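Input: a single structure, listed below in structure tokens.
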Amino acid sequence: MTVEVSSLKELVEQASGDDRSPDTQEYFVNMGPQHPSTHGVLRLVLKLDGERVLRCIPVLGYIHRSIEKISEHMNYMNCVHLTDRMDYLSSIMNNWAVSKAVEEAAGIEVNSRIQYIRTIFAELERIQSHQLWWGVLGMDLGAFTPFLYGIRDREVLNDVMEETVGARLTMNYVLPGGLMADIHPNFVHRVKEFIKYFRPKLDEYDDLLTNNVIIQERLRNVGILSPQTAVQYGATGPVLRGSGVAFDLRKDHPYGVYDQADFEVPVGTIGDSWDRYWVRVEEMRQSLNIVEQLLDNIPPGDFLVKKLNSKIKIPEGRYYSQLETARGVLGVFIASDKKDEPYRLHYRSPNFNNLWCLEPMIKGDYIASLIGAMSSLDLVIPDIDR
Amino acid sequence: MADALLNPLSLTLSVQTSEAFAAPAMSLADRASRALESGVWGAVMYIVIGLVAVLTAVSVLGLVMSYIERKVAGHFQCRLGPMRVGPHGVLQSLADGIKLLFKEGIEPGDGDKVIFIGAPIFSITATILLLAIVPLAPGIQVVDMNVGVVYIAAVSGLGVMGILMGGWSSNNKWSLLGAMRAGAQMISYEVSLTIALLVVVLFSGTLKVSEIIESQQQGWWIWRGHGVAIVAFCLYVIASTAELNRTPFDLPEGESELTGGYHTEYSGLRFSFFFLAEFANLFVFSALAVTFFFGGWLPFHVGNYEGFNSVMDLLPPVISPIFWFGSKCATLIFILMWFRWTFPRLRMDQLMRLEWKVLLPIGFANLILAATVVLSGLYFFPSAT
């Protein structure tokens, strides 16, 4: 296998060169870093033939904040707070990923109340993440209204979570050894109300987008990602499951209390944008089921087994832990040298791998399909760069 | 009368008399053609009045329609829309207009300056020309030429020129993509639009817009022409949505794809010209649909059922055309806005497929069917025309 490495400048020169003939020419276009559909500062260099995309080269680094490097100078309790800023739509799951890694490495046992609350919050956050994605997908495909419908329902859920957590975006709730605060007395009641509110809304979502003929035309057989390619590129989460690979850490390597909940893992068939769309909408239903099952069984106990801001020391060695966020597998790698700060902390973020699936799935298709396919990947750019 | 027309003052006065409403045959346009024969000053006066009227209409329409659009969008999206400037935000579009006036008109450095500046003017000229033929009430129409339908088809194709020029001269690949999309789209859908209008021409047997309305005294074509007219009307609505570049056919702008399409590089007043043209066009195309399919300003009549018709005629003659034309037009505009805030956007190849493989065959078949229907007199109240 050979790997061709060529700079962007070389590519552009190869394409246009000195050709001044009146024939049609292939050309390069920058999509981003400022573009309404890249949802952040992702830059894609597109090689186009008319409206057909011949190449799509992601250029990263526009929102790099060196979270991994900063973490090397922080103790394990503090590292957690930076992870909110990676995939801001699954901040609690990011917190949990680090906490889980640290707990496993340092041998901290947390009680089952903490695990229950973590699992419930993770699922609630998965729902709100998918709500936003659903609205944004509509907007990317030209329908503005779904965005506000998605946001409307997300606000309801955010209010519920805010009561306990105190924040709406960077939730900062899970810590190594427990939680920041106990759940609010109203929490269980309000989550039940939300479930009652949101189930009919999911049918409304179906009316507005899922059953719309234009949406079907735009998504079906567009951006096909074969299971082999998906696995090769390391895609995870709904992107991988949309391609028909039933891999979900919640099912395959249960953590938290997922083993006590009865739920299904929706899986696509051919791996087109439609499958990824359908998988996510179905995941919202499944998450509602999980929350519903766990909500009444939260056992009593403490919400924090360690002292807040205590210095956790991890024995020398390398540790890896992973869990399923709303976008796929978030892996946390810790290299420890017996101090209370990590020697190296690396995140295997799901969006980074999912992003590279864009080119194989979109080659030779139209720009409009690229937008639809990119939206179906549900990228969060700060998670790619970190 | 000819002497009177030599005096411009008498012309302006006579417009305001009830004579204009009573006798549609003596419309403004007729007066104009007489004025042309009888004197230069009458004609000049007429042109000035007409231009001022249409220009005022364009700017007022731009203000009103953008406010309505935002309110409608707001309520579709579970929010309120503009609420801050004036009661219920009625002055919002005025405030936006003033803001646009003060914005810097940026020109791309390597762009084609002449074409760049000319494009928005071209775009709005097409709208003004089109607005001139819209009959608002009996006799209230700037030009009423005998080949009105041909004029409509010709002038509505002019708007695409402004968009093409704007996209080309911006020196921006995204703009160019948007302009090329617009060119392909508007030229394609123009065919369906004209074919849909031809059905009504067959029914009414005239190309003159005012006569098309007069031919609907016994009932609007949308129901007198039963199936054929309804198919034609559906074709017209789809094609005019595409002509207007509105969702689901807003590919030339394609905000999420092309960041604004042909008007990406425009700012300030030049952008607002495109904007005004778009909103005025929304009114024009709805008004034309009302004229061709819903009897213009005419009330709802059913053939010779005098009792029913007289109930419909209850409104006084001055209010009646305003009410009927206004309500029909508003309904259509609302439906077009409903489309915009519900549907996602089509892809370019799907758009072309829809036109050339679906709408056009249906349109031609419908036209042939319409000819058969008209020849055999199979529509309601054929003796009326």
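Every residue, even glycine, has its Cβ placed from backbone N, Cα and C.
TrEMBL entries are annotated by machine, without manual review.
Annotated in TrEMBL:
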- B:44-68: transmembrane segment (TRANSMEM)
- B:114-137: transmembrane segment (TRANSMEM)
- B:149-168: transmembrane segment (TRANSMEM)
- B:189-209: transmembrane segment (TRANSMEM)
- B:221-239: transmembrane segment (TRANSMEM)
- B:273-298: transmembrane segment (TRANSMEM)
- B:318-339: transmembrane segment (TRANSMEM)
- B:359-381: transmembrane segment (TRANSMEM)
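With a cut-off of 8 Å between Cβ atoms, the residues of this chain six or more beyond the transmembrane segment (B:189-209) that come close are 133, 135, 141, 144-150, 152-153, 156-157, 215-216, 221, 224-225, 228-229, 232-233, 235-236, 238-240, 242-243, 249, 288, 291-293, 355, 359-360, 363-364, 366-367, 370-371, 374, 379, 385. With a cut-off of 8 Å on Cβ pairs spaced 6 or more residues apart, the transmembrane segment (B:149-168) and the transmembrane segment (B:44-68) reach fewer than 3 such pairs and are scored as not touching. B:273-298 is the stretch from B:114-137, B:221-239, B:273-298, B:318-339 with the greatest number of Cβ pairs below 8 Å to the transmembrane segment (B:44-68).
With pairs at least 6 apart in sequence, the transmembrane segment (B:273-298) and the transmembrane segment (B:318-339) have 3 or more Cβ pairs within the 8 Å limit; the two touch. Long-range Cβ contacts of the transmembrane segment (B:359-381) within its own chain (Cβ-Cβ under 8 Å, at least 6 residues beyond either end) map to 189, 191-192, 195-196, 198-199, 202-203, 218-219, 223-226, 228-229, 231-232, 235, 238-239, 303-304. Tertiary neighbourhood of the transmembrane segment (B:273-298): same-chain residues 57-59, 61-62, 65-66, 69, 120-121, 123-124, 126-127, 130-131, 134-138, 152, 159, 162, 166, 197, 200, 209, 212-213, 216-217, 219-222, 229, 232-233, 236-237, 240, 243-246, 262-263, 266, 320-322, 324-325, 328-329, 332-333, 336, selected by CB-CB distance under 8 Å and a gap of 6+ residues from either end.
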